[in-house]
Amino acid sequence: MNKDLFLQAAPILQEIQDNGYEAYYVGGAVRDYLMDRPIHDIDITTSASPDEIEGIFTNTIPIGKEHGTINVVYNHENYEVTTFRAEGEYEDHRRPSEVIFVRDLYKDVERRDFTINAIAMDNQFNIKDYFNGYSDIQNKLIKTVGNPYERFNEDALRILRGLRFKSQLRFEIDSDTYKAMQEKIADTEYLSIERIIIELRKLLEGTDASIVYPLLNELQFFKYVPFFKSFNTSAIEIKDPIKLELLIAIMSFKQSSNISLSMLKISNDSKKKIQKYITLFNKLPDIKTKKALKVFVYDYGISTLSYILDMKDTLAANQIELGHPLIFNIESIDEINQNLIIRQRSDMMVNGKDILESLNQKGGPWLKDVLRNIECAIINQEIPNQKSEIINWVKTHVEI
């Protein structure tokens, strides 16, 4: 078990304890430590109030002070230190109406979502496990802390989180917990699309995404998300962990949907990736020669095409053709990528101005086509990437 990150944070716990308060590691980091999984972020919980934490440490940032969280900067690292808290009634199935600071660890962990996330650990690596979370880890079981209906009623996102943990950890979901998921799934319509997307990404990229995706359909989750309700999501099959952008591209391509991606509130980069995948799907059947593949590698890049090949089972399951395997394969793509003469239009030794001057013409839509033809000719080594050679080629091949 890797203790390094905990040992780095141990002086913070010790300092809090030296000032007369309790302090523990808590949450996903403890769970992953007990499972011997990689640990990324350390969360600390304490009986000290936010004001008391600010009094103990000199370098702090009040990132969420009203909710009990102070960022403590120690050895150039940031650690979130959160006061033990209980929560009032939840509003809209997503946020508590009030946060109440308490001095009792039990009160703090009993508000958490799943038993596997409700384990606290001190700086001597002794655990406080009020809800048998460690036993559930050993039994590979996802189970809510207390009544599952209450937990999901408090925050419907916990339903998605439970499914995400099943996908990532390859655990089973406790039968009572799953029954409550079925009965409370409609409450996910109250969630913001931003929160849904964060969990959905992690779920789809989890090891058992191919098992959990059908559960989303079984629970009828997608009908409560406006963007997805117009798709027949149960007609889509997943064979491997998948990026959200590729899944949406497959849905859109297979079902010819023109639904606006703006409903998802994802980044422009993500939207471009989705459109790129859809365009790629339309062109894949045309990749029948090495010449066509060269231009394809230039247009889409080794990273995108390697990923598409990795996802060939999922694409095939959704009747998306990949092109002939003797042409479209990783060895051919690698070889072409290593030997590309140019990698982007700016690598060409001519530009639009050069073409206009050489032909004594004014600009127009034709120029874009000419530049594209030059690109393809250079890529396929029909002409060298030299200005004089390109100009001569244009004069003999271009009709305006």
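Glycine residues also receive a Cβ, built from the backbone N, Cα and C atoms like all the rest.
Here is what Swiss-Prot records for this protein:
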type	residues	note
BINDING	Gly28, Arg31, Arg112, Asp155, Arg158, Arg161, Arg164	ATP binding site
BINDING	Gly28, Arg31, Arg112, Asp155, Arg158, Arg161, Arg164	CTP binding site
BINDING	Asp41, Asp43	Mg(2+) binding site
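Gly28 (ATP binding site) carries a helical DSSP state (H, G or I). Comparing local CB density within 10 A for the binding-site residues Asp41, Asp43, Asp155, the maximum falls on Asp155. In this structure, the CA atom of Gly28 (ATP binding site) is 8 Å away from the CA atom of Asp41 (Mg(2+) binding site). Among Gly28, Arg31, Arg112, Asp155, Arg158, Arg161, Arg164, the residues given in the record as binding CTP, the maximal Cα to Cα distance rounds to 21 Å. The Cβ of Arg158 (ATP binding site) has 26 other Cβ atoms within 10 Å, all protein chains considered. For Gly28 (ATP binding site), other Cβ atoms within 10 Å of its Cβ number 16. On its own chain, Arg112 (ATP binding site) has Gly27, Ala118, Val145 as residues at least 6 apart in sequence with a Cβ closer than 8 Å to its own Cβ. Look at Arg112 (ATP binding site): DSSP puts it in coil. Counting only the Cα atoms, the space from Arg31 (ATP binding site) to Asp41 (Mg(2+) binding site) is about 12 angstrom. Around the Cβ of Arg161 (ATP binding site), the same chain contributes Asp113, Phe114, Glu199, each under 8 angstroms and 6 or more positions distant in sequence. A distance of 18 Å separates the Cα atom of Arg164 (ATP binding site) from that of Asp41 (Mg(2+) binding site).
Following the DSSP three-state reduction, the secondary structure of Arg164 (ATP binding site) is helix.
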